[in-house]
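This report refers to the structure that appears directly beneath it.
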Amino acid sequence: MRAPAMLRWAAAALAALLAASPAAAFYLPGVAPNDFHKKDPLLVKVNKLTSTKTQLPYSYYSLPFCKPNTIVDSAENLGEVLRGDRIENSPYVFEMGEPKMCQIICKAKIDDKQAKELKEKIEDEYRVNMILDNLPLVVPLARQDRGATVYQAGYHVGVKGQYAGNNDKKSFIHNHLAFLVKYHKDETTDLSRIVGFEVKPFSINHQFEGPWNDKNTRLITCDPHASKLLVNSDTPQEVEAGKEIIFTYDVGFEESDIKWASRWDTYLLMIDDQIHWFSIVNSLMIVLFLSGMVAMIMLRTLYRDISRYNQLETEEETQEETGWKLVHGDVFRPPANSDLLCVCVGTGVQFFGMLLVTMIFAVLGFLSPSNRGGLMTAMLLTWVLMGLFAGYASSRLYKMLKGSEWKSITLRTAFLFPGIAFGIFFVLNALIWGEKSSGAVPFTTMFALVLLWFGISVPLVFVGSYLGFKQPAIEAPVKTNKIPRQVPEQAWYMNPAFTILIGGILPFGAVFIELFFILTSIWLHQFYYIFGFLFLVFIILIVTCAEITIVLCYFQLCSEDYLWWWRSFLTSGSSAIYLFLYAGFYFFTKLQITKVVSGMLYFGYMLLASFAFCVLTGTIGFYACFCFTRLIYSSVKID
């Protein structure tokens with residue numbers, strides 16, 4: 001990378017951090033640029049077949065497409081394998097700056113089984129994904145309402161249609177591809193860099209003269225010698241058993257002003273950026289409202305309460321008082337199922353660290369879409385490394401709650417959530433295997449995941465727990481009475497179930513608009529790159545969870561209910577309920593999934609995501625309430 005480019009990238013990354021602007025504002029590093037001379041070979045690679053209707057990817061060569069003499073798999077990172085990517089070489093041969101017309105790849109005769117598979121893939125609207133110089137193949141589509149061009153990742157295997165005067169639906173395969181390679185030329189060196197890879201697919205029932213002579217056959221329907229380009233599909237190629245299909249392609253080259261460092265900007269063009277700003281403003285309104293309530297409690301009510309309590313001189317006066325001071329002898333009493341609370345809090349710390357580190361790298365541009373699988377790989381590795389902090393947090397809390405079996409709490413921290421996640425993942429993976437999808441994780445990758453878990457994550461949790469348990473126990477600011485105080489009968493609006501469900505609404509409200517774009521990225525196979533917005537929303541989520549928990553915790557303590565430990569965790573953690581309900585709403589309104597396996601895949605992964613969100617937000621709320629109670633009770637004189 002050249003020094004000026006490095007400086008540009010650093011300055012733009014800093015601007016992105018400060019302004020949280022879209023990816024178009026900063027350089028996405030990706031891989032190192034490749035320079036091409038005229039007539040240099042360009043390697044076109046094929047990737048998985050994808051469908052938003054089934055969510056089950058398949059290998060490109062699972063369909064009867066033309067194959068090269070030897071199929072070679074490209075090296076893939078862990079994230080790519082988990083995403084179902086299967087990158088292989090292809091028979092398409094390009095030469096830099098050399099246009100080609102009507103190039104024959106092969107002629108294939110379709111049998112009954114292949115015809116059935118093609119028809120199923122066309123029915124399910126599968127798309128073919130290709131890669132050239134690390135750029136994905138896209139289909140340009142004109143957007144009528146905005147007068148702009150948007151890009152669809154990959155082209156459809158085929159289309160459903162009917163002949164004129166016939167109502168029977170037929171399946172037609174896209175067997176002719178008109179590629180367009182855009183390049184930026186350096187005038188001083190005469191070297192070119194690829195900045196765009198587009199295609200227009202056609203279905204054409206090719207005809208030829210004379211005997212078939214492989215790639216030297218002269219086609220009537222598409223003749224390079226007569227400069228007869230294919231511009232429409234008047235005579236489409238129907239998918240029918242026993243029929244022969246001739247696969248052809250054109251390739252053109254177009255010089256572009258777009259520089260290599262900005263080549264992803266076109267793909268990531270965000271037309272609806274206003275909705276993200278609306279999301280941020282909406283979330284900030286929630287934060288300001290809660291901040292006002294917290295400020296009122298901390299600066300007015302609490303200050304008045306503490307001053308009054310500290311001025312009380314006699315025990316009789318104390319007995320006449322009501323409020324949060326009266327439960328000082330019970331407020332730090334260990335809760336029921338304290339072991340499980342410690343495990344959940346430790347796991348939440350692990351999630352928090354993973355998201356924070358991953359998001360910082362993403363905002364800086366290291367995990368851009370040009371780095372396929374990079375985001376998932378980074379999240380897995382940071383999750384494993386954050387096991388150190390999970391063990392430390394759980395053992396520190398466990399020791400404060402008078403626990404002594406630190407090894408037991410360590411094992412549960414290391415195995416509870418990962419065990420549940422691995423169990424759900426294993427069942428879903430078995431279902432994908434049953435569908436013979438390339439999305440099924442191979443045994444070797446499964447072994448690598450288990451190795452990461454047992455070989456790195458578990459030992460780090462043990463190290464963290466050991467270090468945490470060696471520390472002096474966190475001292476409560478007030479002593480705990482030997483006999484628990486009876487909790488008075490509560491008003492209906494202070495019922496635990498009611499306050500917990502109410503408490504989850506605002507944290508969910510702070511993120512639900514951004515959640516729509518995240519779900520669209522995952523399940524509709526679109527690029528998600530606006531990590532600047534996401535980082536702002538994440539900060540707002542933290543503040544919202546903390547503030548709503550503090551407010552409701554204060555009201556609870558004022559009602560002389562000192563059982564705040566679990567309720568503080570569940571108050572903000574209940575936002576996961578609304579997340580899962582929204583996922584169900586999104587499934588029925590935005591997706592067209594009809595297969596049972598695909599539906600199970602969706603709800604299985606969304607259940608796992610909701611569980612993780614519950615642990616994350618619950619931990620934020622718990623620590624906020626924990627700090628709040630320690631602060632207020634350390635400010636009061638206790639006789």
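All positions are counted from 1 along the displayed chain.
Every residue gets a Cβ built from N, Cα and C, even glycine.
As written in TrEMBL, here are the features:
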type: SIGNAL; residues: 1-25; note: signal peptide
type: TRANSMEM; residues: 277-299; note: transmembrane segment
type: TRANSMEM; residues: 340-367; note: transmembrane segment
type: TRANSMEM; residues: 373-393; note: transmembrane segment
type: TRANSMEM; residues: 414-434; note: transmembrane segment
type: TRANSMEM; residues: 446-469; note: transmembrane segment
type: TRANSMEM; residues: 498-524; note: transmembrane segment
type: TRANSMEM; residues: 530-557; note: transmembrane segment
type: TRANSMEM; residues: 569-588; note: transmembrane segment
type: TRANSMEM; residues: 600-633; note: transmembrane segment
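When the stretches 277-299, 340-367, 569-588, 600-633 are ranked by Cβ pairs under 8 Å to the transmembrane segment (530-557), first place goes to 277-299.
Same-chain residues lying 6+ beyond the ends of the transmembrane segment (569-588) with a Cβ under 8 Å from its Cβ atoms: 341, 344-345, 499-501, 503-505, 507-508, 512, 515-516, 519, 523, 544-546, 548-549, 552-553, 599, 602-603, 606-607, 609-611, 613-615, 617-622. Comparing 277-299, 373-393, 414-434, 498-524, 600-633 for CB pairs under 8 angstroms to the transmembrane segment (446-469), the maximum falls on 373-393. Long-range contacts of the transmembrane segment (600-633) within the same chain: residues 55-56, 302, 306, 324, 328, 331-332, 341, 344-345, 347-349, 351-352, 355, 417, 420-421, 424-425, 427-428, 431-432, 476-478, 503-504, 507, 523, 541-542, 545-550, 553-554, 557, 564-565, 568-577, 579-580, 583-584, 587, 591, 593, each at least 6 residues beyond the stretch ends and with a Cβ under 8 Å from a Cβ of the stretch.
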